[in-house]
Amino acid sequence: MRRLTVKALFAAVLLAAAMPAAPAIADAQTSGYIVLLKDGVSVPSVTNLAGVTVDNLYQSAVRGYSARMTAATAARLARDSRIALVQPDGVASIAAQTLPTGIDRIDAEKSPTAKINGTDERVNVDVAVIDTGVDLDHPDLNVYTAGAKNCSTGRSADDGNGHGTHVSGTIGALDNGSGVVGVAPGARIWPVRVLNNQGSGSFSAIICGIDYVTAHASEIEVANMSLGGSGSDSACGSNKDAMHEAICRSVSAGVTYVVAAGNSAANSSTFVPATYEEVITVSALADFNGQPGGGAASTCRADVDDTFADFSNYGADVDIIAPGVCILSTWKGGGYNTISGTSMASPHVAGAAALYKATHPSASPSAVKSALQSAGTTNWNSATDPDGTHERLLNVASF
Ligand SMILES: [Ca+2]
Ligand SMILES: [Ca+2]
Ligand SMILES: [Ca+2]
Ligand SMILES: [Ca+2]
């Protein structure tokens, strides 16, 4: 009996960014103020005042405190000779929405369907993320929680790893002016958890996920599988590989499957699902600035701008290449993270397939694959591509 497991495909966690905490809500009569003291005035001496509720004391960078109080109290404090400043509190958030380099490199910001302009419009499409789960309440994702399915450990399809949430953000993070933005902003993300919190899962769990997606093939346009294990190709209907048979039927039901080529710097022919003919297999491009032409300095890991990523699998099973190095996206717990892998390349293509299906709802999975390849460019440096095939680089400017 084979006891193979499949692992999420990513190289390393390299940079974590935190969201600011939500501001406290003041009651109706009072609001927040920041109070700074003049030199020589001790902090406690002016905090013990009626009508002032102190939240924070400041003693190092500045001297003073933050507090809730009425406007009348604030005005009275401002006239106090010991006080240097009374200032209404404000709210800060990350300054603006970041256009991740991969989204830029494939020209999603030029897509008339993606409509990336800082206004939350949402592409009307459903994408299943067969992965570690998805952060079910991430503020930068449109998670379709009613469609969540857990085929792995734990009590729900919530993401205990981060990988599935990262994949989801590249596919469809909201164009809401904060955080990041995906290829198909606001696409409904169906969390299908088949990998555990360590990023591993059995073939049986993955088939559970494919089975679920197939049961909803009339609703789900695209499925992303940024995972892989050992195996080989076989003909649909030959009954040599249960996972392949499941994907064959799911694709026949109309779902476009996009999968990672793998991170072993090897030929994809010995990796499943990458080697299956019916899926769209994605290799990874190193790009550090979102622009063609090369020459950008490496950022989160060493590689060469606009070349084949040094970890990416290759070979005849690869259908298209997309950015997969130092990709910023959403993360579990409402956060963001920058990681690398063909896991990060695949969801760029899944998002592109979603854009295409949003405007070509009757396109078959093979027609989607052809459209993606035809729209791709050769505008990347294939000198380090290990095989002889210069696969097209994803481009969705016309989608
Ligand atoms: Ca928009
Ligand atoms: Ca956003
Ligand atoms: Ca570049
Ligand atoms: Ca190649």
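Including glycine, each Cβ sits where the backbone N, Cα and C put it.
In TrEMBL, annotation is done automatically, which means it is predicted and not curated.
Noted in TrEMBL for the protein shown:
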type	residues	note
SIGNAL	1-26	signal peptide
DOMAIN	125-376	domain 'Peptidase S8/S53'
ACT_SITE	Asp131	active site, charge relay system
ACT_SITE	His163	active site, charge relay system
ACT_SITE	Ser343	active site, charge relay system
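Features recorded in TrEMBL, as mapped to the structure shown.
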residue	record	Cβ within 10 Å
Asp131	active site, charge relay system	31
His163	active site, charge relay system	31
Ser343	active site, charge relay system	34
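Mean pLDDT of the predicted structure over the domain 'Peptidase S8/S53' (125-376): 97. For the pair Ser343 (active site, charge relay system) and His163 (active site, charge relay system), the Cα-Cα distance reads 8 Å. A separation of roughly 7 Å, to the nearest angstrom, links the Cα atoms of His163 (active site, charge relay system) and Asp131 (active site, charge relay system). Secondary structure at Ser343 (active site, charge relay system), as computed by DSSP, is helix.
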